[in-house]
Structure formats: structure tokens, C-alpha cells
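Asker: So that we are looking at the same thing, I have put the structure below in C-alpha cells.
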Amino acid sequence: MVNLPAQISRLLILRRFDALKCLRFTFSNQLVDVVLKDLKLHPVSALHFFNLACKQNHFRPHFKSYVKIIHILSNARMFDEARSYLRGLVEITEGNRLPVSLVFDELVTVYREFKFCGTVFDMVLKAYVEKRLCEECLSWSCSRCVYCAIVVDAYCKDGRVAQAVEFVEGLERMGLELNVVGFNSLINGYVENGDMEGVEKVLGLMSQRGTLKNVVTFTLLIKGYCKTGEIDQAYRVFRRMKEEKGDILVLDDKVYGVLIAGLCRAGRTDDAVRIRNEMLSLGLRMNLFIYNSLINGYCKLGQLREAEQVIMSMVEGNLKPDGYSYNTLLDGYCKRGLIDDALKLCHKMTEDGVYPSNITYNTLLKGLCQYGDVDDALRLWQLMLKRGFVPDEVGFSTLLHGLFRRGESDRALMLWRHVLAKGYTTSTILLNTMLDGLCKMGKMIEAEQILAKMKELGCSADEVTNRTLIDGHCRVGDVQRAFEIKDSMDLEGVPASIEMYNSLISGLFRAEKSNKIPDMLSEVHAKGLSPNIITYGALISGWLKEGNSKKAFDAYFEMREKGIAPNVYVCSTIIGGLNKLGQNDDANMLLQKMVDLDVIPNLKPFYNCFNFNAIQKETEKIANSLDESTQRYIIPNNILYNVVIAGLCKCGKIGDARKIIRDLSQRGFNPDEFTYSALIHSASISGAVDEAFLLRDEMLEKGLSPNIVTYNALIDGLCKSGNLDRALRLLNKLHSKGLVPNIITYNTLIHGCCKSGRTSEALKLMGRMTKEGVAPSVKTYSAFLSSFSQQGNVEEYMKLCDVMHKAGFQNEFTRYCRPFEAEAVGV
């Protein structure tokens, strides 16, 4: 037997309207209602069918059908059509003398059934106000407060909390009151917007009305504070619930789940586990939401093994992981380049009956484009299409970005034609992705052509579009065109951003128009924008390229005064600039400091890719990663190679460092003074002094000149290995090598002499350094104080303390002198 409503719906969805006319059927209220339910997600088809029903000679849809079509059209944002039928609904209500309450009952019923947005309630209220039926409209729920709460909830879920408040105020003017369910809906609306001040106002209103808070109210409070990052405040609300619990406040798994989710998002998984254990001790059971929160928390911290264990425990607890569970772990794998693990997990989730979604495929595409092979990403793309998936904006954008990243603009343009064919002609996101790729490749003509075409198709440019074009023109040196776009933005009232000015500053330096930089900076401050690390990086780089190290360091110190820490790019720019200006020693000293990860926080994730505390065997793989990273950080290869080599040396992995050097040398890497200094320093502190000197000789054979940093490492190694005399002889040879001993040289030798009981020689060294204009530091004095303390020479100890006071080391006295002073007097 043919299912008539299903047949009608299928023809309408396929837009086969002529074929529909060939069907012989009679319109009825039941038929119209069933078809509209089938077409609730196909507004154009639903509208066509309803229009057809309204044109019948002996049939008119009843008010319930009107309610359904109004819901469908308003959800599709077809507001003109929705208002037209809404006027028809009001006329039916008046003509048939139907109670307004009957209409609103049906509105709420369909709202619950369709699970659409609450826009329709606002439209209906306005329609009845126009007909001066407002009082009846508001009083329909006098004995049914739950419907009032549903309307409030509908507004809030639609993101229109202000309209929900207006509705509540309208109820109050009619002498009606909202119940706790309605107030909770209002609180949830504010929570979703992150507006805790609004939440406090609702709580105050509840208090005035004498409405008691229930477990949902407290749960929403915890959720709100977690969302705004006020975890401690959320925990205080949780503790208060525990103290006040009774018949009204019964802590359930939802309360615990919200707090656990907040802790996981804040990276506090240890606290989340503690709360989880407390929940289990009360006899409550884990639910899917809590499991997924823990998976998300562990993945955010990179603790993927722990996340895997959570999924295993779900299975053991007879709870099936869902798409969110798998997609979260999948994302964790992809973000850390574990593409093979991600693909295996995708296969496993399919075996477990959880089928990949667009989110799954988009995550895999991003991982493959970033860490794998774009060709693999394209094969996955074809598999998606074969399985019937319709790519979304995220998928197209990810693949476009991957193709441009590999420099394949022709394939990106082919994909772009598919984007337009799929109907994404007004997608600003995809337009910006395309422009970004073309601009970074310097293809400005193609970028301008695509923008012009997209504008013809009705796509609107936004701030990101203009900023991308400005950056592209600045990259190719066309500053004039960049400023033309900026001027048009100013005329249109488009707000400027610091990112736009960063591009313009870089462009002015490229165009050798640095005289306009002060005007740019003045404009930045006039518009209330704050220069960021990129701004200062552009200034430092530009001034150094022009040979103006004073202005470069002025920018650097201004940056530091504002509390902005230098990143890899800034440090490498200064090092490269100093080298070009012939200030090699200063450059090497700064590069040495780069090894300290605290100086460059954003290099930590890069270092984490290499387990320096484990034996590295896959040096070829590391070399490949290094090559990729130099492009990602946009810094010279040698600088990043040296930072990693120094990191290995710092961890005592000199053998692994040398293996990497060999692999990198085949790619054109030439070890320089810093490379050898790092190796020599590592060999020296490990006691392999002979190897350190062999490395020094290797340097000389390659025509490299060891600097004072290199010889300081050798002297340190000699002192620590007990070869103090050899260290002193090396000191005496420094002048003949054209090197001047610095404070580190003398402190190393003085410390070695004092430790060996040769205090008199140490004093001679201090006299020598003073004559050479090298002022003793607090470490110099501390070496002597330690020696005098061990000898029990209180008199010399006290004399030296006085010298420290006179030299201005009062602040360091407590740190260095007090412990020795106590030891010297026998305390």
C-alpha cells in the first residue's frame, strides 16, 4: 500500500511540483499536518504545499496547520512569509472566536515537538498586540505557569534574553508571576551569554518574589561560574549546596557533572578526578557527559593515554562511547601529529557502530594537512564524497589551507570551483581562506579577481578580508594599494585592528619608507590600539635591516617594559641583525639564552616534540621536523637548528646532538660558532674535557674562531675535572688569541681556586680582573665567603662582607652572607 503523505513529501523535497499535480488525492487536516511534519526541515517545499492547500475550493487548513507552517518558516528565517500566515492565523482566531489560549497551547505543543527556536513566540505576541488582544495573550497562562516558562525558555535558547525579560515584565504588569522553572530558564539564558551580573539580578528577583532556589538553580550557577573561568566561585557554590542539601537540594550526577566539566576545561583534571571519586563514594554513577568531560580535559593537556583509559573504563562500565567521545580523542591525536593513531581510532569507532560525521572527517583533514600528506587528505576527501557526506565550510576551508600551505595554488583553484558549484557563493569564511592562500603566495591579481567575482555573487567582505588583502599587498611591496584599501575601510567606518597596522609597518619597511613609521605608530595609539609582539617584531626587524640598532633596541626595551616576552622570531631577528652588524659576541650570548625555554615560552610545544630525556634514534625524522618548523616559525634554519642542538646538549645528549648535526649537514646545514660552543660546553660539564678540546680543534680546522663563550666552557670543564693549572694557563693564552676574559671567565677560575683551597691565587685573580676593568659580581664574593667559612677565617670573612656593603651589594647580603656568617660563628 502506497504511503500517500510520504509520496507527497518525497516529490516536494525533490521539487517535482509538476509531478505532484498528477497525484490524485483529497486535502484533509490530517494529511496537511502529516506532510508538514515530514517537511519541517524543508521550508520551501512546506510553503509550496501549504499554498496549494490554501488554494483549494472546498478546503481550508485549520489553525493547527497554520501554527506548524509559521514555526517552519520562522525557523528558516523566512520572516515575511511567516508574518503573512500569522496574520491569517489571527484572522482565523477572531473569525471563529477561538480562545487565544488554544492557539498558544498549540504553539507550545509544536515548539516542543519540532524543537525549533522561539522566534515564533515574539512574532505571535506582536501580532496580537497589533490586534489589541495583548491582555488576553498574556493572561492565557494564568493557571498554567509552565507554559510561561516554556516561552521564556524559547526566547533564551534563541539568544534573546532581553525579550524574555520583557515577557516576564509583561506578566508582572498583569499580576502574574513566574515559577522557579521560568526563572531557571532566564538564568540559563544569562549563563549561555556569560553574563553573571544578569544572573545575580534574576536571583535578586527570585528572592523578592519568595521563589526558592532548587537544585537546577544551583547547577546553573556552577555552570555559569565555570563558563566565565571563576572555578573557585563555582566550587564555593558547590560546597554551599552540600551544606544546605535536604529534600529540595539533592546532589545528583548532573551537579557533579557540571563542576567536573568546568574543572576539565580549566585544565584541573586532578581536581576533576577528586570530585568524580567523591561522587562515586556517594553511590552516584558516571554518565556519558562526565566521561566525555574527562576525555576532553585529558586531551587538552596532551595526556592522551589517560584519555584512552577513560574510554576503556566507559566500555567496562557498559556505557558506549558516542561521537563526541571518539571525536575528542581523535582531535587530541591530530593536534599532536599522531595521524596513524587517529586513523586507527576512526576505524575502531566505525566497528563499534559510531559512524564518522563531518566533524570527524574535518578533524582528520586538518591533521593530515598539518602533519601528514595533502595527497592523503585528498584521498580522504574522495572517500567522504563516496560515502555521501556533503562537505561543509570547515572541510573546504581546511583542504584549501592545506593545498596553499604546500604551494599548490592550481589545485586550490580547482577546489575553489567546486566550492562555488556547491553553492557557497556568499561564504565570507571560504573567501577569506582563499584570499589568505593567494596573498601568502604573492598572487595578488588572482586574489583581487576572486574578490571582485564574489562581490558580484553577493558575498560581503569583512574586516578579515580587507586585512588579508592589505597584508598581501604589503608582502609584495605594493604599499600604495595597501593604503588605498585602508582608506576605503576608514571611509566605510570599518574598525581598524592592530593586525592591519602590523602589516602596514612591515610593508613600509619593505618599501624603504621607514620615515612614515612614526606616523603609523601615532595613529595606532590615537585609535586606542595596543602594539603586540608582532608589532614589535616588525619594528625590530625593520630597524635592524636598516642598520639602526638603537631604534631596534628602543623598540625591544619598550616591549619588555610593557611586560611582553620576546618570542622565537624576535630573538632570532635580533641575533641575525647583530651578526650582520658584526656584533657576533652579543649575538652568540643572546642565542645561548634562547636555550632557556622560559625566555621563549612559545618554543615549549616545539621542544615537547623531541623527548630530550630519552635516547633519540630517529634522527632523520627529527631533521624533517626541524625543516618544517623553520617554515612554521619563519626563522632562519641555523638559528632553530642551533636551539635544538643546544637543548640536546643541555640534557647531556651530545651523541644524539652530533647525529642530528650529521643528518642536517646533508641538507646544507653548516655548524657555526654557536653549534660548537654548545657541544664543547656539554662535553666539558660532563667531564669529557679531551673531547671538548678535540671539538675546539675541529672548529679551527673549519676556519671558525672560538669566542670567549667557547673558552669559558673549556675553562669550566678543566676546573671541574681538577685541571686547575691547565685552566690558568689557558687564561694566560686568551690575549694572544685576541680574546678578552669576562666576568664568567674570572668567576669560574676564582670558584675553582677557592674550592681547591688556593685562596691566595683566587685573590690575585680578583685583583687582575679589577685592573682589567671587570668588576667583581656577587658570585665572585660568594666564592670567597664560602672558602673563608670552610677555613674558619672569620676575620677575612667579615672584612669581605664590609667590602660587599661598600660595593653596593646590601640586598644580596642576606642571600649570600648570612648562611656563611652563621656557619662561621658556629651557629
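Heads up, the Cβ atoms here are built off N, Cα and C, so glycines get one too.
Because the structure is a prediction, the values reported are computed rather than measured.
TrEMBL lists these features:
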REPEAT    179-213  repeat 'PPR'
REPEAT    214-244  repeat 'PPR'
REPEAT    252-286  repeat 'PPR'
REPEAT    287-321  repeat 'PPR'
REPEAT    392-426  repeat 'PPR'
REPEAT    427-461  repeat 'PPR'
REPEAT    462-496  repeat 'PPR'
REPEAT    532-566  repeat 'PPR'
REPEAT    567-601  repeat 'PPR'
REPEAT    637-671  repeat 'PPR'
REPEAT    742-776  repeat 'PPR'
REPEAT    777-811  repeat 'PPR'
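Thinking about packing and proximity, how do these listed features fit into the structure?
Answerer: Sequence-remote contacts of a segment are chain residues at least 6 beyond its ends whose Cβ falls under 8 Å from one of its Cβ atoms, and for the repeat 'PPR' (179-213) they are 145-146, 148-149, 152-153, 155-157, 159, 161, 164-165, 168, 220-221, 223-225, 227-228, 230, 248.
Broken down with DSSP, the repeat 'PPR' (214-244) shows 27 helix, 0 strand, 4 coil.
Long-range contacts of the repeat 'PPR' (252-286) within its own chain (CB-CB distance under 8 A, at least 6 residues past either end) are made by residues 215, 218-219, 222-223, 225-227, 229, 231, 234-235, 238, 241, 293-294, 296-298, 300-301, 303, 306, 314, 317, 319.
Averaged over the repeat 'PPR' (287-321), the predicted model has a pLDDT of 92.
For the repeat 'PPR' (427-461), the DSSP counts in helix, strand and coil order read 26 helix, 0 strand, 9 coil.
Outside the repeat 'PPR' (462-496), and at least 6 residues removed from its termini, the chain residues within Cβ reach (under 8 Å) are 428, 431-432, 435-436, 438-440, 442, 444, 447-448, 451, 503-504, 506-508, 510-511, 513, 527, 529.
Taking Cβ pairs closer than 8 Å, the repeat 'PPR' (742-776) reaches residues 708, 711-712, 715-716, 719-720, 724, 727-728, 731, 734, 783-784, 786-788, 791, 807 in its own chain, all 6 or more past its ends.
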